[in-house]
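Quick look at what Swiss-Prot annotates:
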- His362: active site, proton acceptor (ACT_SITE)
- 8-11, Lys22, Gln72, 77-78, Gly139, Glu154, Asn169, Asn227, Arg332, Lys350, Tyr365, Asn376: UDP-N-acetyl-alpha-D-glucosamine binding site (BINDING)
- Asp102, Asn227: Mg(2+) binding site (BINDING)
- Ala379, Asn385, Tyr386, Ser404, Ala422, Arg439: acetyl-CoA binding site (BINDING)
- 1-229: region 'Pyrophosphorylase' (REGION)
- 230-250: region 'Linker' (REGION)
- 251-459: region 'N-acetyltransferase' (REGION)
Amino acid sequence: MSNYAIILAAGKGTRMKSDLPKVMHKVSGITMLEHVFRSVQAIEPSKIVTVIGHKAELVRDVLGDKSEFVMQTEQLGTGHAVMMAEEELATSKGHTLVIAGDTPLITGESLKNLIGFHVNHKNVATILTADAANPFGYGRIIRNSDDEVTKIVEQKDANDFEQQVKEINTGTYVFDNQSLFEALKDINTNNAQGEYYLTDVIGIFKEAGKKVGAYKLRDFDESLGVNDRVALATAEKVMRHRIARQHMVNGVTVVNPDSAYIDIDVEIGEESVIEPNVTLKGQTKIGKGTLLTNGSYLVDAQVGNDVTITNSMVEESIISDGVTVGPYAHIRPGTSLAKGVHIGNFVEVKGSQIGENTKAGHLTYIGNAEVGCDVNFGAGTITVNYDGQNKFKTEIGSNVFIGSNSTLIAPLEIGDNALTAAGSTITDNVPIDSIAIGRGRQVNKEGYANKKPHHPSQK
């Protein structure tokens with residue numbers, strides 16, 4: 001039989017105190033909704049229906065055509081939300097997973113096990129449960145003397161005995177699809193919240209003598225529902241440890257997982273070393289044998305093998321094998337560093353292509369430039385690429401020596417094997433094999449210094 005999934009993503013998330021819908025808040029680089037969607041793929045659903053409401057278009061844009069969508073205009077409870085999927089699913093035969101879009105830590109493995117348990121036990125409904133050290137706020141799983149599930153009681157409706165129960169409802173279920181939509185016709189709002197509880201269908205099934213079961217998670221963390229910024233930070237911490245552990249299993253050294261911030265889609269090759277306080281975001285990819293030292297921050301960067309990045313920032317750039325960057329360098333979007341390039345301390349490179357074995361050791365700005373191989377930038381070199389309105393390009397050939405404190409005013413071309421004298425302001429193109437000198441001639445005025453206040457004769 002087919003599997004289906006309903007993802008509940010209509011809520012505003014008032015306690016988040018945010019303009020964003022709750023499920024749009026990110027954990028380790030992607031939205032909570034995307035985490036849930038990825039995990040749901042493990043059950044190989046024939047159809048996924050996402051229930052949307054608050055700022056629906058934002059939520060719809062995240063999943064695009066990978067899901068069907070239904071609107072819940074009024075948020076009248078979880079049961080009401082599932083009712084919205086009736087037109088999409090009610091006549092289908094199979095098993096339907098119902099899961100909240102704010103549970104980013106649930107794993108695909110657990111959902112697959114839940115479906116398997118449901119099918120093997122021939123249940124009409126199976127509840128995903130967990131044991132909570134502090135169950136306050138959760139619905140409680142009430143069992144009879146034969147350990148069978150009899151009902152789920154919400155916190156506000158629980159009596160003193162029921163509030164002592166540690167087994168909680170995670171808010172994730174599997175149902176026989178047609179039985180689910182039949183039972184939803186019989187639920188009402190006679191409860192403390194005045195809402196349609198999805199949990200009420202469990203009681204309906206029990207009264208009808210249908211089989212209801214519960215599959216208990218081994219790891220309570222997976223059950224975490226994010227309702228506020230505190231829980232969001234908790235989810236982030238758990239996910240970070242999970243991600244770091246997987247990289248370590250794959251052969252990466254993560255010196256201190258507590259301080260490594262690695263987004264879920266980041267790729268890292270074997271034998272690479274991630275020192276403390278490193279942040280790797282977005283679609284960053286790191287090759288083999290690369291060292292990222294304390295404080296490095298990479299966003300959507302493509303980094304090759306045997307690279308060393310020392311306490312530097314790299315954004316949306318390509319760094320080839322054997323490159324060294326930093327300390328305190330900034331590689332800005334649109335930059336490409338070829339093999340063997342060295343970008344040293346306090347160097348900024350923006351929107352530039354730098355050829356093999358070129359070196360900019362210190363205190364340099366290279367912007368909107370195309371640079372050949374084996375070029376040396378002296379300290380203090382500046383490409384002047386902006387006139388206040390437009391950006392201009394600097395083109396530098398191969399085997400060029402740029403003297404210290406050179407100012408290169410674009411648009412400008414410097415030919416192969418050329419040299420600029422230290423302290424020069426270069427405004428015109430420099431031909432191949434030429435030396436360009438663009439500075440005032442030094443004049444020494446002998447004896448003038450003894451008239452100045454600093455001179456010993458004046459003290």
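Backbone N, Cα and C atoms are what each Cβ position is placed from, and that goes for glycine too.
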On a C-alpha basis, identify the one among Leu8, Gly77, Asn169, Asn227, Arg439 that is nearest to His362 (active site, proton acceptor); the candidates are the binding-site residues.
Arg439
Take the C-alpha atoms of Ser404 (acetyl-CoA binding site) and Tyr365 (UDP-N-acetyl-alpha-D-glucosamine binding site) and report the distance between them in angstrom, rounded.
12
Measuring CB to CB from Tyr386 (acetyl-CoA binding site), give everything in the same chain under 8 Å that is also at least six residues away in sequence.
Gly367, Phe392
Take the C-alpha atoms of Asp102 (Mg(2+) binding site) and Arg332 (UDP-N-acetyl-alpha-D-glucosamine binding site) and report the distance between them in angstrom, rounded.
34
Just the number: how many Å between the Cα atoms of Ala379 (acetyl-CoA binding site) and Asn169 (UDP-N-acetyl-alpha-D-glucosamine binding site)?
63
Cα-proximity to Asn227 (Mg(2+) binding site), 10 Å cut-off, over binding-site residues Gly77, Tyr365, Asn385:
none
I'd like the Cβ neighbour count for Tyr365 (UDP-N-acetyl-alpha-D-glucosamine binding site), meaning other Cβ atoms within 10 Å of its Cβ, all protein chains included.
20
What is the nearest of the binding-site residues Ala10, Lys22, Arg332 to Ala422 (acetyl-CoA binding site), using the Cα of each?
Arg332
For Asn385 (acetyl-CoA binding site), nearby residues of its own chain (Cβ under 8 Å, 6 or more apart in sequence):
Gly367, Asn368, Ala369, Lys391, Phe392, Lys393, Thr394, Ala410
Arg439 (acetyl-CoA binding site) to Tyr365 (UDP-N-acetyl-alpha-D-glucosamine binding site) - Cα separation in whole Å:
20
Counting every protein chain present, what is the number of Cβ atoms, excluding its own, within 10 Å of the Cβ of Ser404 (acetyl-CoA binding site)?
17
Intrachain C-beta neighbours of Lys22 (UDP-N-acetyl-alpha-D-glucosamine binding site), sequence separation six or more, cut-off 8 angstroms:
Gly11, Lys12, Gly13, Met16, Met32, Gly101, Asp102, Val226, Asn227
